[in-house]
Amino acid sequence: MASDYQENKKNRIGVYYAANGVRHALETEINMRVHIIIMLMVVLFGFILGVSKLEWVSLLITIGMVLTAEMFNTAVEHIMDYLAPERNEAVGRIKDLTAGAVLVTSVIALLVGIIIFLPKIIVMF
Ligand SMILES: Nc1ncnc2c1ncn2[C@@H]1O[C@H](COP(=O)(O)OP(=O)(O)OP(=O)(O)O)[C@@H](O)[C@H]1O
């Protein structure tokens, strides 16, 4: 049906642009690459240390939170640089807030990682 075709076309274009956004973040944001490296290490340790299904879910949710916060932070930085490229106290505060959101999610992710991995590491010794 024509409307189904339009719907599929629209979705495909949307995913294409969204994937472009992820690629842009990976290419331009060093923090994003650091998060991805940490994520790959967490997944590797997850397999090595045999985390449970529920632990995988917790890890994936926290990883998703950090990556999402980082992308929103990057988007806000771009918005602010576009709208107000000059130094401005309000812009600085806005950027600090979104950077703070990344910090909060990262600390939570670290705590989740410690809770899941530390007991498994301790029993190995
Ligand atoms: N236009 C501005 N006016 C005032 N302070 C700013 C401005 N731009 C940046 N800052 C300050 O510098 C900090 C870093 O901002 P910047 O845009 O350089 O982010 P960044 O270092 O690229 O961050 P990230 O590492 O998350 O990509 C902000 O959190 C803010 O405190």
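Keep in mind that glycine also has a Cβ here, set from the backbone N, Cα and C atoms.
With Tyr17, Glu29, Lys95, Asp96 listed by TrEMBL as binding ATP, the candidate from Glu55, Glu77 annotated for that site turns out to be Glu77. Proximity of the recorded positions Tyr17, Glu70, Glu77, Lys95, Asp96 to ligand 1, judged by a Cβ distance under 6 angstroms to any of its atoms, singles out Glu77, Lys95, Asp96 in sequence order. Neighbour counts were taken at the CB atom with a 10 A radius for the recorded positions Glu29, Glu70, Glu77, Asp96; the maximum falls on Glu70. Calculated from their C-alpha atoms, the gap between Lys95 (ATP binding site) and Glu70 (active site, proton acceptor) amounts to 12 Å.
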